[in-house]
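Okay, structure first, notes after.
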Amino acid sequence: MYLKGIEINGFKSFSNKVNLDFTKGITAIVGPNGSGKSNILDAVLWVLGEQSYKSIRAKDGQDVIFSGGKNKKARSSATVSLYIDNSDKYIDYDADDLVITRSINRNGENIYSLNGKRTRLKDINNLLMDTGIGKQAYSVIGQGKVERIISSSSVELRNIIDEAAGIKKAKVEKDLALKKFESVKNELEKIEFVEKDLEKRVEELKTQSTKARQYRAFTKKINTLKYMSYTYYTNQFKNEIEDFNVKKVNIEESIKKSEESIQEYTDKIQKNNDEKKIINARLNELLNSSDENNEKLKDLSDKQVELITKKANFTSEVNAKEKEKQKLIQDKEEVSKIVEENREKLVKSKADIDAKKENILDIEKILKSKTDKKLRIEEEIRGCEDNRKNYEVDKLKINMTTEDAKKRIKYAKSKLEQVTKEKEQADLKLKSLESTSFDEKEFNSLKEEYALKKEEYSKLNNERNAIHTKLEEIRTKYDVLNNSINNFKLMNNAIQFVCNKSKDDNLVYGPLVNMIEVDEKYHLAITTIAGYSLNDIVVENSEVARKYVDILKGNKVGVASFLPVQNLSKKNLNNGKYNFARNLVKNKTGNPKIDRVIEHVFSNAVIVDDLKEGIELSKTFKDRIVSLAGDVISSTGRITGGYITKKVDETLKRTSLLNTYKEEKESIEKRLNQKTNEILVVNKEVEKLNSLIDEKRTVYENYSHNKKSILREITTYSYEMNENNDFISQKEKDINENDKLIHDINMAIVVNDENEKTLKSQLETLQNTDVEKKKLESLRIDLAVENEKYNNILAKYNEVYAKLEKNNEEYRELADFLDKKEENYHNLEEELESIKGEIVEIQESDVKSKEEINRLTKENIDKSSEYKELIEQKSKCEIEQNTRKNEYGNLLDKIEKDNTELEKYTNMLSKLEEFSEDIKSNEEYEEDVDLLKVKMFERKISINEKSRQELGDVNLGSIKEYEEENARFEKMRNDKFDLLRAEESVLKLIDDIDGDIVYKFKNAIEEIGKNFTYMCRELLHGAKGVLKIQDEDNLIETGLELSVKYRNKPEQTLSLLSGGEKSMLAVAFIISIFMYKPSPFTFFDEVEAALDEQNTKKLVELLNKFTYSQFIMITHNKETMKGADRLYGVTMNKEVGESIIVSVDI
């Protein structure tokens, strides 16, 4: 395999697509600093999956995309592809050519592809793993990485060796296996966490489901009986309803005939009424018309007389109107003249009034200004007078307050003297009381002791309660765990099934683990030796085993293993001073047959404290040796062990835990008894102290009462003394403040008097307003006279003007009458002739109406007789119909009642319909039943319902829940069994991987170490280089160290080497790896920068010896260029910031 080429497009300084083709041998890439040479190496690291942009000298994904320059646009994406020849299938991929591509856009989206197909970085890493190619492998050595190799930590050096040794993939597999192991372990822990609760839940549901099944049985019986009863009643009511419906039809027909007869008579009666209404209406119309005609004749006669009179007087009225018209014309001229005269007087009077009003306003403004100012000053003067009064009042109040304070001070001092004397007497009384023989300290001491003992009693009681609670808790745990072990709940389904099935079988002894007892110290070792044999069922012989195997097969429960006592092969047992496992296992049944099983299972296996002791023992003892940590040395010498978590058998572990619970229970019971005895002792002491206190309590209470009374007196006296002292001080302070206030008030009075004097002087200048007032009074009188004169003129004007208007109206009416006199006379004559015609016409019509009224009256009498006869016939039909309707109503009530009952039983029957198939399949079900049987069914229903009710609350869902939860529980048991086996399998896989890693690492470190020693001798002038393992006992994780000792020099730390020495040492280390496992292609970026010409030649010559490898070297060194098979030059267009590749054939 080799690298055919690299394609760079838009990456960093390569704006356009660039292709670099490589051949086998050395390819040198040269160019000045800053031209972009190292960007080629960054591109290789990037395409191989480098995620740290810092490692490729960038801040983020945007920095690897060409950013543009002068007249050159920025690129939107960057792409790098590696073209690899894989014809030798060095890489495990079914293709001769590989193209690995990575691209990124401005959004930061990275896309990986392999041979044009999109893929994941993880897949590419897996493909290149252990090939020596990769971003962290030894195939890409960037600037400064040579020195970093020398200064690498021991772990980093180990990672480089792991890559070369092909261990990396194994470590990845181990990590996956460890993750799987952790996952299995977590699942086991989850199962163990849930298992106990689920088991308890299953037991509860089992009880509930049994109850629910009984409930269902009663319900089924009740439903069957109800179904038969309801069916009988349903059929009975259906038959009754059919009979009633036949009767109903007959009655309906009879009612219908009655209704038809009634309707016929009703129609006739209606017709008679209609005809009578028409006759009556016509009679009323004629009678009303006759009355109206009589009224009209009267009105027309009166109007005729009036018109005749009016016609006779018409000529004399016209003459009178002519005379009245002439008089009105004469009066109108006179009145018009008077109106005009009064209008002129009004205008003149109004002008005089307006002038006077303006004069009055001017004088009033002057007066108002003076009055306002005067009022303000008078108000201020009154304020000064009020202030003077207030000041005097304040002075009086303060003087009174001062006098009162002096009196109160005098009284307080007198009271203070009295209280002081009384307090002195109380102090003497207290001394006298305290000198009595009662020992208060002793009493208080007893009380304190009593309180402490009481507290001790309470504390002990609380402790006892806590111990009792803990005892109940440990008893519960013990009972649950004991039940779980005794009922084989920790076993898988098959073992549980066999044990439960064989309870009465004397040839089945049970699981081995339930019959032995082992010190907890040896649990892991015993579990390791016995394995799954601990759960094997001990039976008498192979026939018994076969019997239960067949039963398991028949019930499809699962698989179980058996230990038939009679058929077990007898083993040669060694004796001696060894710690044989069989001797550490105790047979707790006392059955000697179990001893034989123990000897068979554990045989000659020996238990030792640790692996070191086991290895020493294995030199002389050739059988299984197991350490307490579970490490195993087989009889052939094979050793299995390490940092591996192994599970102790669950029943063994729980049995040990049960013993622990038992011991803890006994210990707690002992502590509980001890604590109870302590409580009894303390309680006696409490009672004794209480008795002593009661004896002294009466004396103490009297003493305490008297003392408290005296102390209260003393406290009261002290309070009063303090209060009086405070009162005297406060009052003296108040007197001083009052003196200051009196002084301030006297000063304020002086200022107020000066202000009052000034205001009074200003007031005197404003007192004289007589001239303005007299002038104003005179103008107001003149204005009043003028107003009265104006009002008189106006009244006269209005009166004359109204008279003029009236004359005009009367004149218009007279003129209108005289203009239409001929027309009015003609209208009177026409109206008189019209009235005469109307009178004649009404008289003729009245004669005809009277004749028709007589005829209609006779016809109305005949219709009334007919109406009476029809009513009698209709009543007979209605009586008959009501009789039928009553019968019909009674029948409907019966039908409705039967329908209600039918609906009731139908509904109840429909509720049972979903159970009909089960009911009819019931052997108690009968098709044809009579009323006698139905009554018997009803009694049975009552009895069964009572029995069902006695079951109490029932969870019907518990049947399904029990089936589901039990299935879940059984599945959990099986899952746990599978997980335990998976755990063992994973641990074996990890053990195998560790063995493979150690084997490969040993080979690699041995070969690379020899190569490193050789390369140091060749390149470093005979220096001795050593590759050291830091921890020989932990080859899985141990780190590595490089050391060098130059000829004629003491061994030096690597940090003290020169730059050239460090570079040569690093090159020696890399070449040592190449000698062990050459990388198909390798990139070196200025690795020889610190080397002189001679050492560079050595390096080039050394690289040329690897004929099947490619070396792409970024360099400035002429010797490297000389030794290269192909040369590429890189230049930089600085205006654009673009790198340009130039190929040079050598």
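Cβ coordinates are placed from backbone N, Cα and C, and glycine is handled just like the others.
Among the features that TrEMBL reports, ATP binding site is placed at PRO32, ASN33, GLY34, SER35, GLY36, LYS37, SER38, ASN39. Per TrEMBL, the feature coiled coil maps to 167-215, 248-477, 658-692, 787-915. As annotated by TrEMBL, domain 'SMC hinge' applies to 506-618.
Candidate binding-site residues: ASN33, SER35, SER38, ASN39. Fewest other C-beta atoms within 10 angstroms, ASN33. Using a 10 Å radius centred on the Cβ of GLY34 (ATP binding site) and all shown protein chains, the other Cβ atoms total 11. The coiled coil (658-692) shares more Cβ pairs under 8 Å with 248-477 than with any other stretch in the list 167-215, 248-477, 787-915.
There are 25 other CB atoms within 10 A of the CB of GLY36 (ATP binding site), with all protein chains counted.
Counted with DSSP, the domain 'SMC hinge' (506-618) comes out as 60 helix, 20 strand, 33 coil. In sequence order, SER13, GLY31, VAL1130, MET1132, SER1139 are the same-chain residues whose CB sits within 8 A of the CB centroid of PRO32, ASN33, GLY34, SER35, GLY36, LYS37, SER38, ASN39, the residues recorded for ATP being left out. Neighbour counts were taken as the number of other C-beta atoms within 10 angstroms of each residue's C-beta; across the binding-site residues PRO32, LYS37, the minimum falls on PRO32.
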